[in-house]
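J.: Could you have a look at this structure, given as structure tokens, before my questions?
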């Protein structure tokens, strides 16, 4: 497909990570170790929730879906990054780039929505413990998860189709380590106003509103806990909620900073570092913050191991 003075781009080149050649192997090993930790941690949670009937509750339904999203979210970008770090010419085809963009948006959006659902679950459990079972019914939670998956698929498909209609002429170097939406828009020789408008409007709905909702949920939790005259209980909840909020702030802060409040002062190095935070660091931390420190998960792990020993 060609026009006057235009050539259809068949593949893109990644700028990659600005790492000196002598440190390439070190960072490659580091990223591989972090990625494998992400895979193992999230797979363990998915398996435990699946195998242990005590974890068939709304909270762990959301957690298992979050683990699946985290696992896939990292897998969309990190294996390609590791491959490109060994390649002299890090490329990706046009079709593969749009595919990567689509799945990146699907699993990134789903993580955002699930963090909101989990915050609401904790809010109901702590502030309305007597009504928790009736409010967070299994039917409601399953329906909510299915609805969230449908919303993320629609949103990702919309952006992917809007990107597919753009023309890419001579420039084909993506200033990133994956097919990020803003990076692709900079390469296009078409009018990207509609794309940028959709990023701003839908990005606000998917990132800012959920972040504010989570913040309000935890504020209500804090005030509810302060009414309980138990120093140990207050310390435990503040410790747990504090770790949750730190990961939530890391995830939403980097996304809002990159997509909704981009600064001209943000260098390529700074943008890349921020992107690594939400594509690699956050998915790796979530299993430890939300589940592996959890007493229920530890007990489930012991029960599953014990049952396997007995069956052997």
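Glycine residues also receive a Cβ, built from the backbone N, Cα and C atoms like all the rest.
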J.: Of the residue ranges 177-196, 197-216, which one carries the transmembrane segment annotation in TrEMBL?
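T.: Spelled out, TrEMBL records transmembrane segment over residues 197-216, not the other listed ranges.
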J.: Going through 25-48, 60-81, 140-158, 197-216 one by one, which has the most CB pairs that fall under 8 Å from the transmembrane segment (237-260)?
T.: 197-216
J.: Can you work out which residues elsewhere in the same chain, 6+ from the ends of the transmembrane segment (25-48), have a Cβ less than 8 Å from its Cβ atoms?
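T.: Same-chain residues near the transmembrane segment (25-48) but 6 or more away: 17, 19, 55, 63-64, 67-68, 70-71, 74-75, 78-79, 81-82, 85-86, 280-281, 283-284, 286-288, 291-292, 297, 300-301, 304.
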J.: Excluding the flanking five residues on each side, which residues at least 6 beyond the ends of the transmembrane segment (140-158) place their CB within less than 8 Å of a CB in that stretch?
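T.: Residues 58, 61-62, 65, 102-107, 109-110, 113-114, 117, 198, 202, 206 contact the transmembrane segment (140-158) from elsewhere in the chain.
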